[in-house]
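As recorded in TrEMBL:
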BINDING   S235, G236, G237, V238, D239, S240, T241  ATP binding site
DOMAIN    207-408  domain 'GMPS ATP-PPase'
Amino acid sequence: MDPQAVKSDLVLILDFGSQYTHLITRRIRALSVFSLCISGTSPLSSITSLNPKVVILSGGPHSVHSNDSPSFAEGFVDWAQSNGVFVLGICYGLQLLVQRLGGEVRVGEKQEYGRMDIEVEKNCGIFGGKKVGDKQVVWMSHGDEAARLPDGFEVVARSQQRAVAAVEDRGRKFYGLQYHPEVTHSPEGMETLRYFLFDVCGVNAGWKMEDVMDEEIEVINNTVAPDDHVICALSGGVDSTVAATLVHKAIGDRLHCVFVDNGLLRYKERERVMETFERDLHLPVTCVDASEQFLSKLKGVVDPEMKRKVIGKEFICIFDAFAHELEQKVGKKPAFLVQGTLYPDVIESCPPPGSGRTHSHTIKSHHNVGGLPKDMKLKLIEPLKLLFKDEVRQLGRILKVPEPFLERHPFPGPGLAVRVLGDVTEGNALDIVRQVDEIFIQSIKDAGIYDSIWQAFAVFLPVKSVGVQGDQRTHSYVVTLRAVTSQDGMTADWYCFENSFLKEVSQKICNNVRGVNRVTLDITSKPPSTIEWE
């Protein structure tokens with residue numbers, strides 16, 4: 001997706017490490033305005049090349065007083081001012097703006113965390129739709145505060161503790177909020193963002209998923225020559241399926257899909273997925289059984305990052321071999337590989353600045369982002385890499401992908417390798433987790449709650465516990481069940497099952513899966529955990 005071709009003004013977010021940054025992106029897209037998020041320390045050329053109408057400086061865990069605190073590029077303020085670009089600082093972003101423009105930021109006498117009332121002092125600019133004295137509840141999360149404002153700025157709202165809550169310099173189009181309008185804990189936050197973008201900045205809302213489809217088809221056709229052939233790695237998940245359908249719409253039968261059985265699939269996944277591809281999607285798919293190849297490479301590997309790297313490398317070996325076979329068939333070697341990489345994959349594989357690393361700390365390497373070998377021969381086509389999961393589903397509906405397929409729960413690229421802790425080849429761990437997962441998912445479907453859950457699965461723990469089954473002492477494995485609700489996979493809450501449901505599922509697992517005598521439930525949100533265990 002080319003940001004320059006989007007039929008709406010661009011709102012660019014400079015990410016300084018807030019756990020809520022992606023929510024700003026989503027909230028703005030929900031207003032039919034295209035938004036992108038890049039590192040807060042990106043060079044000025046990366047910002048200017050995108051030609052944004054509005055730049056938002058995100059919050060972050062840093063203090064502007066720290067020597068290693070991240071900042072926007074030199075020349076950013078002059079560029080924004082001379083080009084009439086609106087700038088909004090949120091939390092740390094406000095403090096950074098104040099400090100860099102000559103104001104003063106101090107450690108607050110009273111730190112402000114959680115819900116707090118603010119009061120409007122001036123009904124202009126960002127609060128132009130409010131009255132003086134209006135109050136609203138917002139979500140605060142800061143220890144530092146603006147003590148002295150730069151020339152041209154004025155306070156337009158304060159907290160109940162009289163700390164600065166909102167500032168603006170309308171002449172230079174610089175604004176700041178000391179709270180997080182993007183979170184649901186700020187009930188009027190969405191309206192504040194709406195008013196700021198449309199009434200203050202005059203942003204044009206014209207971003208639609210139909211435009212994304214048309215634009216991506218154009219990009220694909222401009223990238224792939226008329227006689228080029230393309231391989232698509234189909235996993236059976238929503239992302240790769242929508243990506244394949246989109247590319248197939250663009251180039252037709254020059255797309256060649258391959259589904260790899262890597263030995264890490266769910267119960268009867270291969271048979272079910274291939275049937276769906278042939279019956280409902282009419283995509284040209286070749287199935288490659290490479291289970292022995294993958295499992296032999298994974299033998300003895302216990303580190304989750306290494307698992308992902310190994311799997312990524314083997315996938316590329318398979319695709320290279322498939323490309324060679326295809327070359328013999330069509331007379332030309334395929335030059336491109338299609339993958340269903342999503343925006344959260346990109347964000348999690350290259351998190352925000354401030355850790356002292358070139359690309360900061362990696363949460364996990366997605367096999368289709370950080371797990372690919374550098375010497376890969378095929379060039380990537382990633383038509384979904386700037387979209388969130390729910391946006392991909394919207395695109396899938398426009399492309400007429402069957403609804404049951406679109407509503408499938410996400411399944412990780414590395415498969416069950418990240419749901420079996422430790423060595424996946426040890427004992428019968430894979431068989432156990434497949435059986436447990438099948439019972440769990442089928443029970444969820446039977447209970448009519450599958451569509452209420454973002455993702456559910458079973459995890460095999462390399463731990464044995466003592467139990468009693470059939471009046472005999474057992475020493476068997478422990479499994480855990482995981483189910484979460486989410487909008488985009490960036491944050492998640494654990495799903496609260498009825499006790500009767502959990503009791504029934506636990507009994508089914510212990511009675512039907514040999515080698516398991518204890519079932520646990522993961523009740524951790526994201527953050528602090530990730531959704532997957534590895």
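Any Cβ shown, glycine's included, is placed from N, Cα and C.
Shown here: features listed in TrEMBL, placed on the structure.
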residue : record           : Cβ within 10 Å
S235    : ATP binding site : 23
G236    : ATP binding site : 19
G237    : ATP binding site : 18
V238    : ATP binding site : 23
D239    : ATP binding site : 25
S240    : ATP binding site : 22
T241    : ATP binding site : 29
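Mean pLDDT for the domain 'GMPS ATP-PPase' (207-408) in this predicted model: 84.
Excluding the listed site residues S235, G236, G237, V238, D239, S240, T241, the same chain places L234, V242, A243, G340, R408, F411 with Cβ atoms within 8 Å of the centre of the ATP site Cβ atoms.
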